[in-house]
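Colleague: The structure under discussion is supplied below as structure tokens; questions concerning it will follow.
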Amino acid sequence: MVISPSEVVSVRRRRVSRVATISMHTSPLDQPGTGDAGGMNVYIVEAARRLAQLGVEVEIFTRQTSRDLPPVAEIAPGVSVRHVTAGPYEELDKGDLPGQLCGFLSGVLRTEAMYEPGRYDVIHSHYWLSGQVGWLAKERWGVPLVHTMHTMAKVKNLLLAEDDRPEPTARVLGEEQVVQVADRLVANTPTEAQELIDLYGAAPGRVEVVNPGVNLNVFQPASKGAARHRLDLPQDAHVLLFVGRVQPLKAPDVLLRAAARMLIDDPSLRSRLVVVCVGGPSGNGLARPSYLTDVAASLGISDVVRIVPPAPQHELADWYRAADVTVVPSHNESFGLVALESQACGTPVAAASVGGLRTAVADGVSGVLVEGHDPQDWARVLSRFVHRPAWRDALAAGAVAQAAAFGWSATAARLADVYAGAMANLHHVPIAVSS
């Protein structure tokens, strides 16, 4: 039987109706910047909302961490979160979660069994633990598995911070398994795509690049003065901002050490310099909850450092607007949503020249990419943001333009195409592009 292009498009559109998204280790309802919640949480929620607007329903499976959580919570039309009982009703370290995989998988399979066969057209798993669950669900349901790594053990182990622990062998092996069985692997950037191919042996034809996005309705330029007033920041301050989880990978100490160097080089800055760190301890940083406070004290700069707990998006946007520069000194980032959010608010970025940050930040146009993590080098770059306001303003204009190219609607449209391609390949239907 010969299938016409119009029939192929019809098959694709009819079949892409509902996605089972698996996010075992962290709930999309958690506040980013706390525990294991970060850019991945933002990605899952924002992409799901936009997919639903395209007519693709999304059900997100995550581990239940409290008895008070409902079995199902609708977070937007067409988007629901299913809380699956697996282990104790509490937060668990990621190192303890492999022991709960069987219980979590059982809950996911029981949910699907409540409905008529064919409820889910595709599985999209996030992070390697979820990929293990997705692998087995894929075999049971006969649907394609799309997987996004978000971070990769082999990459992290190549770029370890001085105080960080290497990722365990079990994770490396688990990631290798997921790479081999997934029908499609979604990479945030071409760099990540190449890492999947070079380090994990992924088949190039199964790797798709889909850039994450930014909520341009929330993160947009507004008055810096008004933002500083709301946040009780001096109008004439030089504000250096860090946003993210406090852990060795994110390297917030690099900002503090650079600030200390700036004050040594120019003591007159002390009366106006403000270093703001928005976020909470996470991962390996949980063992040292007072780490940033201790580092600031040891450097003698406690008087210029403000530690702020994780903030909801509308408040976070104000922090970006209030800053002169957002500093992202991570040892690695698969993309770097913080950099994109800051630029969308009109604040340029000083970021480490690693991973996805090379895609998120246009060097010399929307910010500056810094090689290495030497505080002296970072101090020189940050001093330019303080002492060259005209240059900083030019970067701010470039930052807004850079972020405008990364909307979540475009991300969702690309994901829908990836899902369609995976399903067409599974059912041996040739892919046609509608005009």
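Every residue, even glycine, has its Cβ placed from backbone N, Cα and C.
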Colleague: Among T293, T347, find me the residue Swiss-Prot lists at the same Mg(2+) site as Y320, R321, A323.
Modeller: T347
Colleague: Within its own chain, what residues at least 6 apart in sequence put their Cβ under 8 Å from the Cβ of T347 (Mg(2+) binding site), listed in sequence order?
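Modeller: Counting only residues 6 or more apart in sequence, the Cβ neighbours of T347 (Mg(2+) binding site) under 8 Å are L241, Y320, R321, A323, D324, V325, T326, A396, A399.
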Colleague: Between the Cα atoms of H25 (1D-myo-inositol 3-phosphate binding site) and K250 (UDP-N-acetyl-alpha-D-glucosamine binding site), find the distance and write it as a whole number of Å.
Modeller: 19
Colleague: List only the single closest residue to E341 (UDP-N-acetyl-alpha-D-glucosamine binding site), chosen from the binding-site residues G39, N41, R171 by CA-CA distance.
Modeller: G39
Colleague: Just to be sure I understand the packing, how many Cβ atoms besides its own are within 10 Å of the Cβ of K250 (UDP-N-acetyl-alpha-D-glucosamine binding site)?
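Modeller: A count of 27.
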Colleague: Centre the Cβ atoms of Y320, R321, A323, T347, go out 8 Å, and tell me which other residues of that chain have a Cβ in range of the Mg(2+) site.
Modeller: K224, A227, L241, A317, D318, W319, A322, T326, S342, C345, G346
